[in-house]
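Now, the feature entries from Swiss-Prot:
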- 67-103: region 'Disordered' (REGION)
- 88-99: compositional bias 'Low complexity' (COMPBIAS)
- 120-508: domain 'SAM-dependent MTase PRMT-type' (DOMAIN)
- H133, R142, G166, E217: S-adenosyl-L-methionine binding site (BINDING)
- E231: active site (ACT_SITE)
- E240: active site (ACT_SITE)
- 375-395: region 'Disordered' (REGION)
Amino acid sequence: MTDDYSKLKSEIMDLVSEEFLKTKDDIISVMIENNKLKRAELVVGNDSLPPPPPTPSIVKIEHTTTTSNIDDLPLPPPIQEVEEEEPTQQNIEQQQQTQDESDDYYKTVHPLGVQDTYEDEEYFSSYSKISLHHEMVFDKRRTAAYYHAISKSKNIFKDKVVLDVGCGTGILSCFVAKAGAKKVYAVDASDMAHRAELIVQQNGLADIVTVFKGKLEHIAFPEYVDVIVSEWQGAFLIFESMIESVIYARDNLMRPGGIILPSKASIYLSPINVDSFYNQYINQWSNVFNLDMSPLIPFAQEELLEEKTIRNYYVDNQDSVLDKPIILRTIDLSTITIEDLSKTVKTFEFQVPNGSKYHGFGSWFSVWFENLDDDDDDNDNNNNNNDNSNDDENKQQFAYYTIDRDGELVKSTYQQYSIDSKGLTPLFFKQSSNVLELSTAPGTGDQHWKQVLFLNSKEKILQSSDKQLDTTSIKGTIRILQNKDYRRHWWIEMYVSLKTNPFDYSYQKYLI
């Protein structure tokens with residue numbers, strides 16, 4: 001018995017040595033053809049002998065990998081955590097196939113090729129902390145916007161299958177379930193997914209909401225979805241690049257004609273005066289309990305303005321904005337591509353009153369939720385407007401909802417809101433339904449994104465070189481590029497010229 005097994009083992013090793021450049025499937029096939037491997041005829045009576053090799057997989061994945069390049073293969077994706085049962089071979093192969101498909105997707109659509117780790121360990125670790133989610137969930141303007149937008153979208157969610165990308169605590173998934181969704185798949189790659197499952201159970205929604213832990217791109221879902229919901233926005237809107245996962249979900253997981261909430265977004269830019277920042281962090285050294293500590297002011301300037309980008313500073317005074325903003329970048333979630341998003345170039349010209357303090361540029365963003373349900377008073381207005389359908393001035397006025405600084409829902413029209421907000425978030429699309437806007441513009445109310453300031457190294461007092469003009473021209477070009485090595489980050493380059501006497505030219509490069 002032992003001699004037969006040793007002989008068989010020797011023959012197999014000789015065969016493997018001859019065929020070492022062939023794949024595992026090829027080796028198994030050759031062994032079977034030559035009748036070298038007959039596991040059914042082996043009667044193993046020694047417990048120390050190895051068990052027979054496993055049956056080849058039912059699902060055959062074609063490949064050309066050889067022993068010469070096997071070390072170059074990427075590590076497999078993390079397997080979805082299932083506490084109740086061990087992952088099966090079929091599940092593992094399905095996960096590997098899902099990652100291969102996502103790699104093929106990014107290889108095709110991303111100008112930088114297949115996605116790297118995106119600093120995943122640090123990124124997802126930070127989103128496992130309750131303190132970070134406390135900041136987001138109790139950002140009353142942020143959470144109120146999603147709550148009201150979802151509550152007013154029952155016509156969108158009724159009996160639909162919904163995907164929550166980056167579910168965090170699961171709060172949006174619960175909102176969606178209560179709005180009438182048939183099924184909600186909540187996905188998060190951080191450990192917060194386990195806490196989300198507790199929240200879902202605690203609120204009696206486990207029959208509707210299923211939580212997945214893992215990267216969206218590596219999960220095989222049981223069905224396509226009708227609606228995608230996500231709070232993907234970062235500082236400067238696109239920081240963290242989470243929007244790429246939303247685009248992936250749209251292209252691979254959503255049925256044709258599906259809906260994404262929020263549906264549109266825009267970034268704005270304007271020259272800005274931030275005396276409040278200077279007074280709080282720099283000029284305050286001039287008088288401290290009757291002591292003149294002004295010698296520290298230049299050191300404070302050097303330290304605070306060294307990196308030039310000041311994140312998470314809220315500008316409360318709308319008058320700090322020195323001219324009407326430009327629309328720096330627009331995003332339609334139904335059509336935006338990763339390639340288009342990866343680079344933005346925009347020229348600008350602002351006219352700023354002479355004598356203004358100019359500290360640099362401020363940026364903010366807005367997102368919109370469209371196709372909200374009609375209220376009873378909306379229906380009444382629509383009926384009245386239909387009676388005067390030939391009168392352009394009496395055409396239908398869709399509701400325009402916003403969230404005030406206290407987190408309360410405000411109903412108005414865009415025309416009225418634009419006046420109240422001093423035109424800081426101009427629309428780039430034609431309103432054709434009831435809409436809710438969540439704005440991070442100065443003066444609209446604090447939120448955890450605040451604004452992003454691109455500050456000069458020192459304060460400038462503007463005075464036009466043309467004495468006939470009351471304003472000073474600020475011209476320039478801004479270029480936004482995704483960092484090729486750390487793709488959750490973005491480079492911001494600015495070429496700026498001030499029409500002063502003498503002319504002032506500058507180039508700054510910021511990393512966000």
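Cβ from N, Cα, C; glycine included.
Annotated features, which come from Swiss-Prot, shown on the structure.
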residue	record	DSSP class
H133	S-adenosyl-L-methionine binding site	helix
R142	S-adenosyl-L-methionine binding site	helix
G166	S-adenosyl-L-methionine binding site	coil
E217	S-adenosyl-L-methionine binding site	helix
E231	active site	coil
E240	active site	coil
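If you count neighbouring Cβ atoms within 10 Å for each of the binding-site residues H133, R142, the highest count belongs to R142. Listed recorded positions near E231 (active site): R142, G166 (candidates H133, R142, G166, E217, E240; Cα-Cα distance within 10 Å).
A C-beta separation below 8 Å, combined with a sequence spacing of at least six in one chain, links E240 (active site) to Y123, W232, G234, R488. Using a 10 Å Cβ-Cβ cutoff, G166 (S-adenosyl-L-methionine binding site) registers 21 neighbours.
Max Cα-Cα distance over the annotated S-adenosyl-L-methionine binders (H133, R142, G166, E217) is 26 Å.
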